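A short worksheet on the structure shown next.
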Amino acid sequence: MLKQRIMTGLVLITLVFAGVIFLPTPLFALFSMMFIVGLGAWEWAGLTGCYLPEKRMMGTLMILMASVPLVFLPLPTMSVLWVSVPIWTAVLLALWIYPKNAGMYKKYSLVMRILGIFVLLPAWFALFKLHQMDPRYVLYLITLVALADTAAYFTGRKWGVTKLAPHLSPGKTREGMSGAVVVTAAWATLATMWLPVPADKSIHFMILSMFVVLMSVAGDLFESLLKREAGVKDSGQILPGHGGILDRVDSLLAAAPIFALGLLWLA
């Protein structure tokens, strides 16, 4: 199992980094759309109570069709990304009061499926726009989230005492989050040396990165909430040893639109 997990991880890292670096933006948009929006929608439907393959396929095709105009039409970038702000504000509230709101997600399963549109589309659109701005921003965001997650794990394992969200992810601690923030500050500082960030915006960029990491945890916890409500361990089985696509991109779903909005604001 561990060998399978490592092999899948290495293949994923290679494909993602190669795609970000070598694909032109239109192709990057297409491939990332298929994975994040297409496969993500399929898994999201399963997590929210839609089990019939025909219905899941129909929903997936509909959200993919809704994605295409975002690539070709001159839509205002900020307007599309701003959709994420009220959505993730509501998610933060839902996480805060859980498990008092447990059970309502099954009762309002249709609402939760529709919510997936407003989570998946802005996240993919943000990655597309970041790549359009500079592919290095996509690489930075991916490594930022990965490093923060790794730092949180090891810091929490060593010094973790206070649970962050015991009902959703018992392994996460506030001490681990502190370690993630410290690593984020260090990585953001180093990244300003190779990213096109103006010198007078370096501090703002570091603060933005810290906030993005905090939001990435919200993405992770929200997927944990959906899986807990659905009674499953993983969102899917497409990635041997890793589960589903949503299990790999859950943090990015919240982090990407916030990071893109922040960069546009800094500009």
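Backbone N, Cα and C define each Cβ position, glycine as well.
Predicted automatically and left uncurated, TrEMBL annotations should be read as such.
Lifted from TrEMBL, the feature list:
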type: TRANSMEM; residues: 28-45; note: transmembrane segment
type: TRANSMEM; residues: 57-75; note: transmembrane segment
type: TRANSMEM; residues: 81-98; note: transmembrane segment
type: TRANSMEM; residues: 110-131; note: transmembrane segment
type: TRANSMEM; residues: 137-156; note: transmembrane segment
type: TRANSMEM; residues: 177-197; note: transmembrane segment
type: TRANSMEM; residues: 203-225; note: transmembrane segment
type: TRANSMEM; residues: 245-266; note: transmembrane segment
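Per-stretch counts of Cβ pairs under 8 Å to the transmembrane segment (137-156) identify 245-266 as the leading one among 57-75, 81-98, 245-266. Remote same-chain residues near the transmembrane segment (57-75) are listed as 26, 29-30, 33-34, 37-38, 41-42, 45, 50, 113, 116-117, 120-121, 124-125, 128 (criterion: CB distance under 8 Å, separation of at least six residues from the stretch ends). When Cβ-Cβ distances below 8 Å are used as the criterion, the transmembrane segment (203-225) is approached by residues 88, 91-92, 94-95, 98, 105, 141, 144-145, 148-149, 152, 164-165, 168-169, 172, 177, 180-181, 184-185, 187-189, 191-192, 195, 197, 235, 246-247, 250-255, 258-259, 262-263, 266 of the same chain, each at least six residues removed from its ends. Contact between the transmembrane segment (110-131) and the transmembrane segment (177-197) is not supported: fewer than 3 Cβ pairs lie under 8 Å, counting only residues 6 or more apart in sequence.
Through the fold, the transmembrane segment (245-266) approaches residues 12, 35-36, 39-40, 43-44, 47, 77-78, 81-85, 88, 91, 119-120, 122-127, 129-130, 133, 137, 141-142, 144-145, 149, 197, 201, 204-205, 208-209, 211-213, 215-220, 222-223, 234-236, 238-239 of its own chain, all at least 6 residues removed from its boundaries and within a Cβ separation under 8 Å. Sequence-remote contacts of a segment are chain residues at least 6 beyond its ends whose Cβ falls under 8 Å from one of its Cβ atoms, and for the transmembrane segment (177-197) they are 134, 136-137, 140, 143-144, 147-152, 154-156, 159, 164, 205-206, 209-210, 213-214, 217, 266.
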